[in-house]
């Protein structure tokens, strides 16, 4: 019985140390930065870290669905920039903010549909299809913004509400938006049959048709949700900055992949999941923030982030190999 229980424990993601070790790393990193730079633990800096985490988290939760199915959305950074630029340009031209947001999200859903159709119907590999779409979006964003920063003093405080306003003067409103999105994604992926189908598709898409699962339909849904959430992340980012730029999502993909790989070492080992995505995003932003406070240069930040990504991918691979060996 003990042997059976041990095997079951491994299959369910291992012990508590392996499943929640990433959270311990977050705590240790915070302690190190606090010792090196005491201002790291100031309330203002903590809120800045949380605010910057929101954008990555929302976009990452969308991208995670695509990656669960075994695909990748290389257009996520461009989709984020599109969300920011389209909303900003519409508002600058007098469109009601809420209508601008709605139009932007519908446009992003359309982008997701294009990604899905190119892959599931035309047969183009997902990474190539989304890479091509990302170039098109880059050109589109530069066209509508004249390759520059979009800002207007006439669009009012409503534009910055979701990005800069804080409840009780402490908690950013964007955190509550993230909470709603994360809760919905958790219910969808963990508690609903439709959400769990994504894992089946990622495990073996060919076998899915024998149990009545339409792999193409599930992949299509994941691309659409990914594009919409990336667009939402861009809208929030523009609100935080009170401006938009076609270059906003330039380094987003690397950050998203890093946090998702880190997240796959948390809660459900080797599997992209909501709690892991949030903790991974938090760790990436804490490290970036801490390095800025320590005066690190941009290239040093890139080197560290690339190293973390390679470490995370290696760790996930090793954990999966060990789990298969013990299973």
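Placement of Cβ uses the backbone N, Cα and C atoms for every residue, glycine included.
Please treat TrEMBL annotations as automatic predictions, because they have not gone through curation.
Given the ranges 145-166, 167-188, the record in TrEMBL names 167-188 as transmembrane segment.
Long-range contacts of the transmembrane segment (125-144) within the same chain: residues 66, 71-79, 81-82, 85-86, 89, 111, 114-115, 118-119, 219, 223, 246, each at least 6 residues beyond the stretch ends and with a Cβ under 8 Å from a Cβ of the stretch.
A Cβ distance under 8 Å defines the sequence-distant neighbours of the transmembrane segment (97-118), meaning residues of its chain 6+ beyond its ends; these are 73, 75, 79, 82-83, 86-87, 90-91, 124, 126, 129-130, 132-133, 137, 155-156, 158-159, 219-228, 230-232, 235. Within its own chain, the transmembrane segment (274-296) is flanked in space by residues 22-23, 25-26, 29-30, 32-33, 36-37, 39-40, 45, 48-49, 52-53, 56-57, 60-61, 64, 182, 185-186, 189-190, 255, 258-268, 304-305, 308, 312, which lie at least six positions past its ends and keep a Cβ under 8 Å from the stretch. Distant neighbours of the transmembrane segment (302-321): 14, 18, 251, 254-255, 257-258, 261-262, 264-265, 269-270, 280, 284, 287-288, 291, 296; these residues of the same chain sit at least 6 beyond its ends, with a Cβ under 8 Å from one of its Cβ atoms. No contact links the transmembrane segment (223-241) to the transmembrane segment (20-40), because fewer than 3 Cβ pairs that are 6 or more residues apart lie under 8 A.
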